[in-house]
């Protein structure tokens, strides 16, 4: 083959090769290896771009010519299930506060002592709370004296205490008073037995004094309180939800 023909053949081969590379490069914007089909890099690890490269449309992240798309935001965790609070039906709570007649009144008297006024004022503050449903004031006496006398004395004492509580702010609509006389005296037999042990040498006056002291718990005013309590309860299965 002549020298001219050899040159012509080489030119055609180069031209064909160049066309192929150019055609492939024009699609990707980078010089691509015909063997591995991967972007050719120089000694510095940089991607080789060709004349057809357009950064806006062809830039690649691995070549530093594009910014990676942000990762999608993680799905928010589902909100915890609301805690259901069940309000129970109102319940009644009954309580009795026993006030010694000795601290409230003089013996056989129905007028309040000075120190009793202060104690009843404190009690009235509690009885004025909104959850108090009702207040029943019960007057009691010991067995000494006639039934009729004791009944009247117990009523007077109950009314005196109830009126004092009302004057200190307890709503009159929730308070009542009743006298029960000696009907609920509990110390009679015990105290009579104790006094009998004193023997014949002890005078009647001393025995009477001892008996009066012994049956002192029967001389009392009971304040019976009924309160309404409403409790809020979280069902057990709510504690296991996450």
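Yeah, the Cβs are placed from backbone N, Cα and C, and that goes for glycine too.
Marked as signal peptide by Swiss-Prot: 1-22.
Predicted-model confidence for the region '7 X 2 AA tandem repeats of X-P' (69-82) is 81, expressed as mean pLDDT. The region '7 X 2 AA tandem repeats of X-P' feature in Swiss-Prot is assigned to 69-82.
The domain 'OmpA-like' annotation in Swiss-Prot covers 92-229.
Residues within less than 8 Å, Cβ to Cβ, of residue 214 (disulfide bond) and separated from it by at least 6 positions along the same chain comprise 187, 190, 191, 194, 195. The disulfide bond annotation in Swiss-Prot covers 191-214.
According to DSSP, residue 191 (disulfide bond) is assigned to a helical segment. Residue 214 (disulfide bond) falls within a helix when secondary structure is assigned with DSSP.
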